[in-house]
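For reference, the structure discussed in these notes is given below.
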Amino acid sequence: MYTLLDILKGLPLLAVAAIASADYPTIPSDLTTPVQQRLAISGMNSVSVGWNTYEKLLKPCVQYGTSSTDLSQETCSLISTTYNTSRTWSNTVILTDLTPATTYYYQIVSTNSTVNSFFSPRTPGDKSPFTTSVVIDLGVYGADGFTVDADGDPTRKVLIPEVEPALNHTTIGRLADTWDDYEWVLHPGDFGYADDWYLTPTNVGDGVNAYEAILENFYDQLAPIAGGKVYMASPGNHEADCEELGTPAIELSCPEGQKNFTDFNVRFGKNMPTSFSSTSSNTKAKVNANKAAALANPPFWYSFEYGMVHVTMIDTETDFPNAPDAPFGTAGLDGGPFGYTGQQLDFFEADLASVDRTVTPWLLVAGHRPWYSTGGQSNICSACKTAFEPLMYQYGVDLGVFGHVHNSQRFAPVNNSVVDPAGMDNPTAPMYIIAGGAGNIEGLSSVGNNISSNRFAYAETFSYATLTFEDENNLSIQFIESATGDILDSSTLYKAHTEQFVNQ
């Protein structure tokens, strides 16, 4: 990893003050033009539509319907928010009472917008097969965010000068090319890498604008995906602060708008759900679901259901004992807290306890920092393991999805570092994957030292994962090479799911 001092040493004397500002996207002449569009599951039969504009909207509105030529329904809100250093306002409108598993067309109300479409969420309990794509640690491409492998080998550089509208490269391009193969996207942490602005020397003279420019460019690049697919987000360390190294001198210079997950919270806070009302016939499940809803704090920790899976999103950065990004944490990022002491773990237990396997047989937990990884101690979050792993085992979580380490990894079902003897055939321990190789300015992390529970590790090119919920008992996991679409690894987890509620 480069440091700011390394960058400054490489510059001519007294040149810093004369460096050009970062490359912002052009502001449209119509300031109501929607940009950076994003969709999310907001609740049962509900989808939130989020977008940014270059002026505050008094009443953001969305027109929609099941025909592209008949957008006869309209919903509006009063949600148009910003923060100190942002050039844009984040707008949110929630579309409710949608027919499940149906193609809807929508248009953000503006004098300069187009019609887009999305597939509405499946009802909890729908046992139809579906696939979700998992993309983590995804950065901006172009002048502010070229990608280069972390090992520094110049023969393995990947320089991407610009992003064409066709999205014909790497992970975003593969998501576009395989549009019909998946129904929604899971992205637990690290968006854009604006806090790495100092790695591009031309940014060093104007870090405040460089940070915002990277965010604007990244979310513009992501919009063709996130504006047409439900895109579920939770935080990573690169959302925490204006720079990622935890250097006190830079910490003090971070403006208020670029501290404490501000952009992430403003951008996604009104889009993500709290948790779903339980559709279980069990009274205790309903009580736990209601408790979880009261304790949820989106976009940091929350849950949702889609067809036959219950997904619990966690914050591995703050709000649990010894959290790495918390004040005085090991990462030095001074983030949070976002709830009362113990709130996230209270939510986590109530939410897991609420899951009725006759409705949603599959239980998935997604967060950013892993506690199983190759490459040594620096790649794992021991505090996360202490906080979350016992509850994941107790309530029978089937799969843990994480990133942070910039490669792709798959692990045998494991608990407390002991591999489940059943392997992939009805284990009691959770299976874990890392899908952190999507591509960003920091490049790929070498596989490094292996561990006994690892079954696959890949760090040669950018990649991501897909999860296919085949039926109530079989979950297929594939890792895909972004550039080619080749399958790098494929496995299937079998779970009998004979118990309505798991507590082991």
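Think of each number as a place in line: the chain as shown, counted from 1.
Heads up, the Cβ atoms here are built off N, Cα and C, so glycines get one too.
What Swiss-Prot records for this protein:
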type: CARBOHYD; residues: ASN84; note: N-linked glycosylation site
type: CARBOHYD; residues: ASN112; note: N-linked glycosylation site
type: CARBOHYD; residues: ASN168; note: N-linked glycosylation site
type: CARBOHYD; residues: ASN260; note: N-linked glycosylation site
type: CARBOHYD; residues: ASN415; note: N-linked glycosylation site
type: CARBOHYD; residues: ASN450; note: N-linked glycosylation site
type: CARBOHYD; residues: ASN474; note: N-linked glycosylation site
type: SIGNAL; residues: 1-22; note: signal peptide
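Compared over the glycosylation sites ASN84, ASN260, the count of CB atoms lying within 10 A of a residue's CB peaks at ASN260. With every protein chain in view, the residue among the glycosylation sites ASN112, ASN415, ASN474 whose Cβ has the most Cβ partners within 10 Å turns out to be ASN415. If you take the C-beta of ASN450 (N-linked glycosylation site) and look for same-chain residues 6 or more apart in sequence within under 8 angstroms, you find THR374, ALA457.
Among the glycosylation sites ASN84, ASN112, ASN260, ASN415, no residue is found with its Cα located within 10 Å of the Cα of ASN474 (N-linked glycosylation site). Under the DSSP three-state reduction, ASN415 (N-linked glycosylation site) is assigned to strand. Checked against ASN415 (N-linked glycosylation site) by C-alpha proximity, the glycosylation sites ASN84, ASN112, ASN260 yield ASN260 as the nearest.
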